[in-house]
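Novice: So Swiss-Prot says this about it:
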- 17-24, 81-85, 135-138: GTP binding site (BINDING)
- 8-282: domain 'tr-type G' (DOMAIN)
């Protein structure tokens, strides 16, 4: 099957926004107008095409970025719907990595919201060109020019309207096109009957003023246009379009559109904007990569006759076909049934079938070309961020960086049958989501799962129940405490049992002392003259190590201590390895009274980014959580606060930060070191653990 759409006529775009700005509805309308969906699905009915996981329909939020293909005016548009909730930034990061352009959807009443700031920053990091769609113009309080102002003030974005709305709220009846200098009037509910009209008289002056501002803004980035503008020559609409496209593709300018996806207004014109102003795979710089063995840098041009190279950006488990690997082809072509090299893992993979996804129905295709986004069936070893390429011409494309998980909970299956299903489920979910981890805690034998936030883990547990039919009980978020000694002391451990027959006898004197942080446990044998025979020494060390797993204060592992065995005694008949092992563990228990044991807790390095006006509240909040502020700096129009805070005080912080900053703050945290728990708090933990 030959290529249907040329590379120049292909657009790979993402739709990004704050939660609830109307992103999924906008995507729905795009699919409706491009003829992919015959009945429009509403999110509040729980039936939107893109939100195809059951949970998304219930919660009305988009969790996984479904990729879908649509056609508009002779162009193929591949759309990736991205989630707007802060716990799912990993999904946004990975979709931005493989896109060529994006549509940022704003709510006309709120303008730029916090998650818009986060996603916008991510898009800037990856150099993704954007157009802006100010949605919900029919909503009470909708204000187009205010929304444009927030783009300047909160994002410092060089954004200018290429359209103006006619009316707002329930009076929103049409749109003025500032490039073509005409207007569009809507007559019916579905917004299919659009009438192109002259700009209404009462809007004429405003349209002239904003067209002037648009030309001025674009001319600053285009010398030829600047000369014409300064000499007062007429600038044609073709020249203006070409200049806007050039400035948008080079990420120096962001055209702003308006409409109401829910009321079916403005979506087709915004689609024209995608075709007119967002880049095709040919317009963006060729992707960089390295040659596996020589580490030389190389590039892959977006051409069908170049060697094949693609990036796997998402793994999904599909109930019918099993594991789906979504990938973006950067160069070359790929046929189903062929073999490729996974250069990241150095393994050959067979491409079973290639599917083009449309939200949740799929079409099988024989071949994909440079610039396409598709899903492959049959890949065994490929995970998110891996490169797939021609094994005769290997390359590793730069992968994606994912943050470490910050919150963990214990989870246990409700029955034996759930146990086996649970380990399969956890393995599959980890393949899909690089920010989710699962492991078994050696000390308690519990299964621990960790992720990016409480909502993230809620959804994981929910998916285990729905997709893998695993019923599990979930614990509260936990902190891994430790214990150590602060003083040195000589301690005796004696175990004697002699009541007829063979007895038990073990007797040791051990000097315990604190070790440096991070040095662990050191054991020294200083016995002279054989008062304790050599064959019992390993048993004494093993006895100490076993006893250290359950500490003397609250049962947490003891770390960073030294133990020096310097004296003891034995019995010819009754001594045994077991007796000395027990004597050693008794010595450790007796040390509790003399060695000043203390509790240690993990301290996290926290970075909070907040708008200036919330700085005071945030500093107060950190102090109330026993945090130490280590430094501050301004970044753009936000303040960055760096602090050390105990992990136990950070639970629920995301929620509290959201409410303290009206959702405009973000934070990251990583483990830094262990530190002594203050006495009053330690006493509470010890009481709780002893069940008092």
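Just so it is clear, glycine is given a Cβ too, placed from its N, Cα and C backbone atoms.
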Novice: Pop the mean pLDDT for the domain 'tr-type G' (8-282) in here, whole number is fine.
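Specialist: The average pLDDT of the model in the domain 'tr-type G' (8-282) works out to 81.
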Novice: Could you tally the C-beta atoms, other than its own, that fall within 10 angstroms of the C-beta of residue 137 (GTP binding site)?
Specialist: 28
Novice: Does DSSP put residue 17 (GTP binding site) in a helix, in a strand, or in coil?
Specialist: strand
Novice: Is it possible to get the count of other C-beta atoms within 10 angstroms of the C-beta of residue 17 (GTP binding site)?
Specialist: 28
